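Here is the structure we will look at.
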């Protein structure tokens with residue numbers, strides 16, 4: 001009998017074990033789409049980004065005009081740019097939903113997978129930040145100035161570190177050049193880390209909505225979930241193309257249509273929408289170092305989540321108190337996102353401070369208390 005190439009060829013065997021014959025729980029819901037979506041987003045971003053890099057000039061004198069030239073004179077350059085810019089937003093929508101899913105269903109108990117995932121999120125945030133600087137519009141320039149300046153809050157080495165990062169005494173040509181280099185490199189780092197993420201995931205297998213072991217009832221990934229994923233893929237594609245074709249500038253900042261000018265500060269400096277929650281936490285502390293620490297903690301707190309799990313159940317499916325807290329946390333993040341987009345004045349300052357306090361309180365204090373209470377109520 002001839003050998004089955006798919007199962008025996010060294011390379012195809014890896015693909016087969018990851019995408020075709022992968023044993024998958026039979027009851028995973030649409031919330032498990034998002035890992036696949038993120039992979040699609042990453043591939044799309046790398047392809048569109050590569051096409052953009054072919055026409056982009058990483059120089060302060062030409063960056064803005066090279067982007068304009070791309071949109072006007074390159075075949076479908078406008079479409080490639082719109083897909084790349086809005087693809088980034090979609091990427092963050094997917095990763096936030098993916099993290100939310102992991103939080104709700106207790107997927108974070110696969111500690112290695114979760115920790116690599118948090119590092120992936122940090123790398124993605126760094127990639128998006130340096131990418132936002134490249135068009136060299138007003139918000140690009142001032143966003144870069146404000147965010148890189150935060151490193152100066154580090155005691156003793158801060159100022160030296162910032163000047164080293166800038167390559168001079170302000171954000172200028174060397175900064176733009178190195179940011180382009182980082183923006184080109186980091187997606188490939190993300191690809192490598194994604195493979196590590198998947199390797200750890202396939203060690204334990206996927207979690208499921210009930211949070212119980214599913215070894216006794218698994219089905220092959222293909223054809224069941226490969227077909228199911230196509231529906232999600234179609235919906236995601238419709239969303240991205242609709243956004244890119246009908247309202248490509250909806251999520252951008254109008255200030256970025258003005259070339260960078262170090263002598264004119266925009267009235268309200270703010271990052272892209274997907275960083276606003278962290279930006280609101282940063283602004284809610286009236287001390288520079290304190291704000292920077294809170295900003296870092298807002299994402300790094302995810303590393304603590306597996307350590308704070310005290311419930312005897314893995315998933316929140318049958319834990320009403322934790323569910324209430326979870327959806328309160330979601331609402332709190334939406335409030336933080338909204339506050340981050342508003343000017344620094346009353347009442348937004350106090351709302352931001354209360355929402356920031358609530359964010360850390362829910363994660364670090366209320367979740368463990370609710371879990372312990374549920375254990376007690378259920379006599380577990």
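For all residues, glycine too, the Cβ spot is worked out from N, Cα and C.
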Notebook entry, point to check: According to Swiss-Prot, which listed range is transmembrane segment: 13-33, 34-54?
Noted result: 34-54
Note to self: Need the matching range: Swiss-Prot marks transmembrane segment on one of 227-247, 248-268, and I'd like to know which.
What the structure shows: 227-247
Checklist line | From binding-site residues 84, 183, 202, the one whose Cα lies nearest residue 98 (heme b b566 binding site) | finding: 202
Item checked: Stretch in 78-99, 114-134, 179-199, 348-368 most in contact with the transmembrane segment (321-341), if contact is a CB pair under 8 A -> 348-368
Check: Among the binding-site residues 84, 183, 197, 202, whose Cβ has the fewest other Cβ atoms within 10 Å?
Finding: 202
Check: Do the transmembrane segment (179-199) and the transmembrane segment (348-368) share at least 3 Cβ pairs closer than 8 Å, excluding pairs fewer than 6 residues apart in sequence?
Finding: no
Margin query: Around the C-beta of residue 98 (heme b b566 binding site), how many further C-beta atoms are within 10 angstroms, looking at every protein chain?
Written below: 22
Note to self: Using Cβ atoms and a strict cutoff of less than 8 Å, what residues sit near the transmembrane segment (34-54) while being 6 or more residues removed from its termini?
What the structure shows: 70, 80-81, 83-84, 87-88, 90-91, 94-95, 97-98, 101, 183-184, 187-188, 190-191, 194, 229, 232-233, 236, 240
Note to self: Give me the CA-CA distance between residue 202 (ubiquinone binding site) and residue 183 (heme b b562 binding site), in Å, as a whole number.
What the structure shows: 29
